[in-house]
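After the structure tokens below, expect a handful of questions from me.
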Ligand SMILES: CC(=O)NCCS(=O)(=O)O
């Protein structure tokens, strides 16, 4: 049995799973999303150059990916520190920081934030989507990628001795590219050796989550210990959702706070509102999946911080939990979603 077994690995070291408390399973505290810049519509260029003004706030909320500066979350460490202190005050205990190689993971800053705020921070190992893979990553074998991921968990990431406690978010698009398939296989191999949690960013197609599960399973991954992220922008039909749920992964609704008319990355998608997200949770609970649901905000742009008029990391605790209770999800079920399920997932086998 490894020394990780039965523990959760935070950036400050191993902790007893009961110490975590309420946990957001998919956030970012410092990262760059420049890789996914989406040019503004003709005529909007001037606003996009100077978006952080009251009269531009609605535009920014609707076009968060069309402004370079908005994508540089790593410039806001001070604001994030304040937010984490507020998150603790609101009853939060832990945050899974999903920034992987390709979107500027910053392990020393995560460690400092954990020290400064008392929030348990669990960092992610592995690689983001194909367009962020370096030439070296593309040429690296599955075996070598597996070794790198394992080393990020056992010894530390990015030349530090600060260790990751989860693999992911592992980025995939649609269709899944060869390089992404290689990373998925390495993820499954590493998970089989470490008994660790995994979290996946699927492509924007209803078939994408199940295809990822198939690849992981074939490579020996543990689907019961895997979170499928971003279901709110990926599977819209309740029948398809139940079909996917049967495969056994954790089901993550992680875009709480995002309400937009046009989803730049897939205009055929109608991004749900927070009310619709709560309806999806209530549906899954009614269908017996209360042990498999996890939730978060996936904050990855500046405009979503309270400093810039956004909802911040405490939105779920302050606003969504009361709404869940009003829509028939019991306090016991809320606690499962926020405390017990993340704890089970994050504990090494
Ligand atoms: C950082 C990240 O991957 N966020 C997800 C954005 S998406 O629009 O839900 O794909």
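Residue 1 is the first one shown; counting continues down the chain.
Even glycines carry a Cβ here, placed using N, Cα and C.
Per TrEMBL, the features are:
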- 26, 28, 169, 298: divalent metal cation 1 binding site (BINDING)
- 169, 201, 230: divalent metal cation 2 binding site (BINDING)
Per 10 Å Cβ neighbour count, which of the binding-site residues 26, 230 ranks highest?
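Answer returned by the neighbour count: 26.
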Do any of the binding-site residues 26, 201, 298 touch ligand 1, in the sense that the CB is under 6 Å from one of its atoms?
201, 298
By a 10 A CB contact count over all chains shown, which of the binding-site residues listed here is most packed: 169, 298?
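Checking each of 169, 298, the winner is 169.
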Looking at the binding-site residues 28, 201, which one has the fewest other Cβ atoms within 10 Å of its own Cβ?
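Looking at the binding-site residues 28, 201, the Cβ with the fewest others within 10 Å is that of 201.
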Take the mean position of the Cβ atoms of 26, 28, 169, 298, the recorded divalent metal cation 1 site. Which other residues of that chain put their Cβ within 8 Å of it?
27, 96, 97, 98, 99, 199, 201, 229, 254, 296, 299, 300
Given the recorded divalent metal cation 2 site (169, 201, 230), which additional residues of the same chain have their Cβ within 8 Å of the Cβ centre, ordered by sequence?
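Surrounding the site, in chain order, are 26, 98, 168, 170, 171, 199, 200, 202, 229, 254, 298.
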Out of the binding-site residues 26, 28, 169, 298, give me the one sitting nearest to residue 201 (divalent metal cation 2 binding site) by CA distance.
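Result for residue 201 (divalent metal cation 2 binding site): the nearest of the binding-site residues is 169.
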Look up residue 169 (divalent metal cation 1 binding site) in the DSSP assignment and reduce it to helix, strand or coil.
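Residue 169 (divalent metal cation 1 binding site) sits in a strand per DSSP.
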